[in-house]
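Report on the structure given below.
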């Protein structure tokens, strides 16, 4: 199924989210900046307008990456690339652009310091993200003062490279079902971490194959013979000299289709003893005598607060996908505006090219603003945790599926040059491809979004409103909003209705099972069709579609006119400096190879 | 724009092609082999049925690639990978599975011998394809006995590694516009090959950066001051010792996003003198005294026969994309049938998984039969050259765009395991990504197909027939055929009509220009929407769509039942041996890493 359709479904959910999403009028404000003439506006002003925080920090960090160490080298072997990635991270960390504790204290700064890395190299961004966000953030959020004092200085300096031990060979999306055991031994006051089977081995653990020294390990806690659910423990996997600690076995996960600067590994724990203090005890603790305590009485509640900390990671993944899309679009449009084909006509003048690259450019801006809005919701004094979870899950899936499609179009629009490593789009495609399934498989995340919508619809029953639009109105901002809302409501009503009917035919557990089965049987609607939906539901007619098509084609032509000047300024508005764009075809492609 | 939609458009053109496509009832015959129970059929019988030629040769060649030399090694550096690819090719060539002259004498054998390589490693397949098909095939087809005697023995043994010098930095799709010059010097009886500017440098020339010794060079021929259009010359670019010949400069094109076993290069010729015999003179010749002769009087006609030889290459690219899709589907389905998630339920049992992998599996079979049919049309005594050109162009675009989407779905369906290099899908994604733009950019090829359809429609005016189907009939083979035919006819009528109206408003050159502009303004329809089309054109209604959805979902569920046995047998029917499937997740994924 085409990513575009799945994404359209999610975008709709995001754009029609509750009033909290107040940043959504941002687009009309861009028009103010850009001006009604659509040309001649200053890209730097646009960049400063769309960049909601830490402009100075981002400028400095991007400037810093002019250092030769950050220039790409695609000739090196996998092991050399990993070593280079570590060096890059060390030098970046040495600048102290942010601290691990900013995860809690200044999350916008924390994210800005990491977001910039994805513009340079995704291996570097992910190695940093695992260390600071997944490991460091978990220690910040789930740990207490003693953990902060013990680990954060080493994390800040990278003396203590961190890993995140959640996923297991047999358990990816189902974190509640992990097998790794943590049993409290009150005789010694220690926890015993153990891998009971091969499927329980920790898998894809970034940074663990070579460099990691500390790992936040998810394990099923048993105290006094009672299972208390997944808890997180800080485990030293290597000593200060880099030697594996007693009882820890690690296998290198080896080469990947991309992202080969990150050393992923598979970890087994063989009755590894760790002190009682190693439990991250903000939400649950074990006293010396083995008394278990938590303000959250059920395993489910504790699990919720434990994995709730993954939100920042998902936002970073979304942001990385959006930034990669921006770079791809900048390169493809710059090339298309100066590359003639079949005579003197530039390829940007062809409608086929416009219909691929202009929606991609628009999507980059739309996704950028959505992320800004999500940050506004997440980084308030009392965020709505459920809304943040649902929106970050949805945006992560939407942004990364969009990224797949946008980079593919950009690469193809550059012809053979798009396949060359030096033109950056290809390597971004291979490196970023991981983002559709890590930190939550997109399909699973989509189902969570759908479930949240169904729950919310079950509470507030509003009548389904079919939009009544004249053809020429089909593409005004308000009509688009109306159409998206209608699709969301209609799909939710259809699936919710089928679940209710299924449940009504039985009772108790059987009813719940029937309802779940009805949900499963409608999973295809969760990722439902775009344009066909409106036609099939009589929300739009053939004249509407003809009007939409003409409107889109006319705007493509208008925006691409004048040598693509407006497009180039809109690209420049992303504020990505030339040394991070890198690609020779984005500059004077006629000179490629001339230096021989 | 989603690849699926573009592909749907092409598939339609292929399936509704004229009566020559008689192989198209193949699908119903498969049902005979598979049997009405849909399970218990013998995969080997299915394989032998769908493999129309050289079963024995394919078996032997696949068996041969059990040799350790053909095992993947993703740790090595780019330069080592290139060396390994050359060694792999040499050892394969040493088996003499086919000869270069089979390009003309036994093209099915020629293709079979090359097709098998894509199952193992695409770098190997492309290095072989450039050598045998592009270089060797060009010498066979455009050359005469003297060229065959001089070059084919060295090509057969790989003593004379061959390159194909068509593309230039400034000229990809527009071959007629290349800049490289060939001027006949009758004083010495030599041609002088020259690169007049950097944009005229030969670019992406596979095999030229390190190993190539001979190159078939496309250049604009001038004789006695008269331009005769592009002709092909055999140029030695390195001597027997591998040293560059006089006047030849080559720059390494460097790393690519994949396919790094192939050494692509950029070539400049500085007044390189080659003997008169170096002109491949089957369709045009220059006598010693400088008299030019050809049975084709115009540059356009000569150009047509010169580039007509690229058809076999396009079929091989299409076949490679289809085979990569088969491997991806085999791996993803095998994994999905044995991987539980959220308890004991296998992921193949989820509708979201079924709706991604089952259409992919079906598409593999459909594309496979389409290629068989195309071979039947191409390899007859007197093939219809235009039909072969149009169909091979269309199938190349359709198969490779399908490949993009299928491998993406397969990789995502395997979660993180799909990103691991050892599971093969990821590396296939990066290696094969080149296929959407090389040997004809898909978008350009699509336009050629559309133009051919418009020309053909302009000759035979038939009335547009809107299908009148009951909802439950919407998915019978004959109704699908009817719907596809309707879409083709309706789109052709719409674009053709607009071109005629545009032309009617003026005359002469202005009319032609207006008609071309109308074509350009409708390029988006050439890659038009799928499902929305039928709704917008009142060919299908909402009840139809509901019926289609239920029909598809029910069949997905039925075919995936019983542990996916039927699916696994259909995969096995592709006949790809385990050592070429490679991926650990396709076998016992629980053992991954156990050997530590």
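Including glycine, each Cβ sits where the backbone N, Cα and C put it.
These features come from TrEMBL:
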ACT_SITE  B:439  active site, proton acceptor
BINDING   B:167, B:206  FAD binding site
DOMAIN    B:163-272  domain 'Acyl-CoA oxidase/dehydrogenase middle'
DOMAIN    B:308-454  domain 'Acyl-CoA oxidase C-alpha1'
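Between the CA atoms of the residue listed as 'active site, proton acceptor' and residue B:167 (FAD binding site) there is a gap of 10 Å. Using a Cβ-Cβ cut-off of under 8 Å to chain A, the recorded positions B:167, B:206, B:439 reduce to B:167. Taking all protein chains in view, 23 other C-beta atoms sit within 10 angstroms of the C-beta of residue B:167 (FAD binding site). Sequence-distant neighbours of residue B:206 (FAD binding site) (same chain, 6+ residues apart, CB-CB distance under 8 A): B:126, B:127, B:130, B:134, B:163, B:164, B:262, B:263, B:264. Taking all protein chains in view, 25 other C-beta atoms sit within 10 angstroms of the C-beta of residue B:439 (active site, proton acceptor).
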